[in-house]
Amino acid sequence: MIALGCDHGGFSLMKEVIAYLDSKGYEYKNFGTYSEESCDYPDFAKKVANAVVSGECEKGILICGTGIGISITANKFKGIRCALCGDCFSAQATREHNDANILALGERVTGPGLAVKIVDTFLNTPFSNDERHIRRIEKIED
Ligand code: RB5
């Protein structure tokens with residue numbers, strides 16, 4: 001199950017991401033926002049972060065205008081490793097090296113075609129399970 005959240009600045013890109021998830025048969029829970037009305041990105045980062053930390057969802061996708069505010073907020077939650085990605089190399093590396101559990105995107109930064117490829121890369125790249133990366137993640141948690 002994938003937790004989804006965005007603010008008004010990410011609402012239209014989230015529709016593209018949802019269309020991609022539907023086309024691939026992914027299960028997701030959409031925590032909103034549900035319109036282009038102005039709202040506060042921390043509210044949605046919190047809902048998605050809590051869903052991932054609790055185990056209700058295994059991964060999350062967060063979108064705001066830049067991806068910055070929503071990723072900063074998500075990373076305040078213990079156990080969350082949220083990576084703001086604007087390219088597929090970073091999306092692959094953050095899964096393999098950081099075991100990132102939330103992907104953040106910026107609608108005003110990354111076009112929908114690339115964004116969907118970033119989502120695909122993020123969801124389909126496993127953690128390396130490499131000892132050195134496990135050690136570094138444990139240090140993040142400490
Ligand atoms: C909203 O205007 C915008 O500030 C927000 O979507 C995000 O870019 C914040 O980091």
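Just so you know, the numbers here start at 1 and follow the chain as drawn.
Glycine is no exception: its Cβ is also placed from the backbone N, Cα and C atoms.
What TrEMBL records for this protein:
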BINDING   ASP7, HIS8, GLY65, THR66, GLY67, ILE68, GLY69, ASN98, ARG108, ARG132, ARG136  D-ribulose 5-phosphate binding site
ACT_SITE  CYS64  active site, proton acceptor
ACT_SITE  HIS97  active site, proton donor
Using a Cβ cut-off of under 6 Å to any atom of ligand 1, determine which of the binding-site residues ASP7, GLY65, ARG108, ARG136 qualify. ASP7, GLY65
State, in Å as a whole number, the widest CA to CA span among the D-ribulose 5-phosphate-binding residues ASP7, HIS8, GLY65, THR66, GLY67, ILE68, GLY69, ASN98, ARG108, ARG132, ARG136 given in the record. 39
What Cα-Cα separation, expressed in whole Å, is found between ARG108 (D-ribulose 5-phosphate binding site) and the residue listed as 'active site, proton donor'? 27
Mapped DSSP class for the residue listed as 'active site, proton acceptor', helix or strand or coil: strand
Relative to the Cβ position of HIS97 (active site, proton donor), how many further Cβ atoms are located within 10 Å? 16
Separation of alpha carbons, the residue listed as 'active site, proton donor' and GLY67 (D-ribulose 5-phosphate binding site) (Å): 20
Highest Cβ count within 10 Å among the binding-site residues GLY65, GLY67, GLY69: which residue is it? GLY67
Between ARG136 (D-ribulose 5-phosphate binding site) and HIS97 (active site, proton donor), the C-alpha gap once rounded to whole angstrom: 9
